[in-house]
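Here the structure is laid out as structure tokens; the discussion comes afterwards.
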Amino acid sequence: MADQPQIYELNNGTVVVKITNYGCTITSLSVPDKNGKLADVVLGFDTVEPYVKGTSPYFGCIVGRVANRIKNGKFTLNGTGYSLPINKPPNSLHGGFKGFDKRIWEVAEYKKGDKPSITFKYRSSDGEEGYPGDVSVTATYTLTSSMTMKLDMEAVPENKATPINLAQHTYWNLAGHNSGNILDHTIQIWASEMTPVDENTVPTGEIKPVKGTPFDFTAEKKVGLQVHEVGLGYDHNYVLGGGEEKLGLKRAAKLKDPSSSRVLNLWTNAPGMQFYTGNYVNGVVGKGGAVYNKHAGLCLETQGFPNAINQSNFPSVVVQPGSKYQHTMLFEFSVE
């Protein structure tokens, strides 16, 4: 349908989400607080222009063909070496210079009603940003109940094996996008291990217990409590597991803002989650003229492990032709 960037709305009477077909990007997501007062809890822009102009540090978008970093922008698959654009030197990040977040997706389906949904599709061509083979991708956002949003991402390689790792890169601030920083939020992450990184934020290949380190969020803890002990802030992949399951998804994280009592519970079928505290956000002018600075929001990007294509001990992100990559995220909002 649309070949221009537009903003679409999903509204079930409680939650209102705005999403653009430019990068499948959530631009706004309003949920009630303990008094029923709505606030927009994601960082972003009022119009599509700043996204298109490249002003956005991946606010709200779906990144791919491969999320996160690929070391030195190189990998070998089935005996062939591939070189990717080095858009975050010395590595390739989030699919390259023009990843899935900077493409106009087609609106395949748009449903209103009490379970409104929108389905976007995109066809990534062989050689695009250096990756092998044609891939058909779909992403569906659905308001499945009054306070729940589901995202289903699927990708099918048509003719060549390829790494695929899609991630949803929303920056959350449950106090409201314009409320300041997220250091007073509390978070619990269902992961007893994480993947340590080198000086360029690429995993070293080890898998390390979080116990006794500033990375331990196995019990609910304030985000800002030890953030200054980890360099610029958190930007690390957690090895998910150990929580309860529901609908085939495992519990990933629980985020809470004490001031509004808003809570986000995140469930996923992905093996990892990048916990990122907006360390590189600096003076970005967003919605309503709000200025977003360091730690203005945080990301909970469920994913395959970063640089998995070059780490044989990480779960594989290679998808064979005709096989289907499936990644589901369930965002449950509440107050407590």
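From the backbone N, Cα and C atoms, a Cβ is placed for every residue, glycine too.
As annotated by TrEMBL, beta-D-galactose binding site applies to Asn68, Arg69, His169, Thr170, Tyr171, Asp235. The Cβ of Tyr171 (beta-D-galactose binding site) lies under 8 Å from the Cβ of Val42, Leu43, Gly44, Phe59, Gly60, Gly278, Val281, Ala296, Gly297, Leu298, Cys299, each on the same chain and at least six residues away in sequence.
TrEMBL lists His169 with the feature active site, proton donor.
Over all protein chains present, the Cβ of Glu301 (active site, proton acceptor) has 24 other Cβ atoms lying within 10 Å. TrEMBL lists Glu301 with the feature active site, proton acceptor.
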I need the CA-to-CA distance for Asn68 (beta-D-galactose binding site) versus Glu301 (active site, proton acceptor), whole Å please.
9
If you skip the near sequence neighbours and keep only those at least six away, which residues in the chain come within under 8 angstroms of Arg69 (beta-D-galactose binding site), Cβ to Cβ?
Lys88, Asn91, Ser92, Leu93, Asn200, Thr201, Val202, Pro306, Asn307
On a count of neighbouring CB atoms within 10 A, which of the binding-site residues Asn68, His169 is highest?
Asn68
To see if you understand the setup: which same-chain residues, six or more apart in sequence, place their Cβ under 8 Å from that of Asp235 (beta-D-galactose binding site)?
Val197, Thr201, Gln274, Phe275, Tyr276, Thr277, Asn279
